[in-house]
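Q: Please find one structure pasted underneath; my questions will follow.
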Amino acid sequence: MKEKIISEINLDLVFQCNNFSQFSNKLKDTKTNLIFESIFWEKVFLSWINTILKNEDYELPNYIFDKKSFSLGLQIISNQEIASLNKKWMQKNGPTDVLSFPIISDESLNNLDHIELGDIFISLEMALEQSYEYKHSIYREMIWLASHGFLHLLGWEHNNEHDLENMLNFQEYLITRLD
């Protein structure tokens, strides 16, 4: 792997989280409460951007590696809201765990100093269900879903089993790199 030293990265994160007080009995520990904090997610995404930018071997658009300023949106929403987005934009019925809407689409972004990556939407209700199903914490599930959405913002797709396996492995790699 070819690793390089990078200077400071700037991230503008727009974070929104609905009121999920109905789940407060399931979200008791301090670590879990971090998922509702903008500063937590800013640190997570900055860590992932730094990890990616330090290594040019990743399959990402080349112009990403020259940038130092990024922005993205993250919204933690309900099943009802994500089902509505899923129907409108993906033509699929029902809720899903995570949706991402990348803005990066062509090389014209190459000339910009600041890159708007796009938006990630995560259903807290689906994340809770999946954390029970997979027998890990809601914190872990939210990080997993955010990493999946983030990679989609960077142009990753999983149209076949091989691509999906590579993406899931890279998600795990990013998660293990969190400070």
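Just so you know, the numbers here start at 1 and follow the chain as drawn.
Placement of Cβ uses the backbone N, Cα and C atoms for every residue, glycine included.
Just lifted these from Swiss-Prot, have a look:
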type	residues	note
BINDING	H148, H152, H158	Zn(2+) binding site
Q: Under a three-state reduction of DSSP output, how is H152 (Zn(2+) binding site) classified: helix, strand, or coil?
A: helix
Q: Take the Cβ of H158 (Zn(2+) binding site) and count every other Cβ within 10 Å, whichever protein chain it belongs to.
A: 15
Q: In sequence order, which same-chain residues at least six apart have a C-beta under 8 angstroms from H152 (Zn(2+) binding site)?
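A: Looking at Cβ-Cβ distances below 8 Å from H152 (Zn(2+) binding site), excluding near sequence neighbours, one finds S100, P102, I120.
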Q: What three-state secondary structure does DSSP assign to H158 (Zn(2+) binding site)?
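A: DSSP call for H158 (Zn(2+) binding site): coil, neither helix nor strand.
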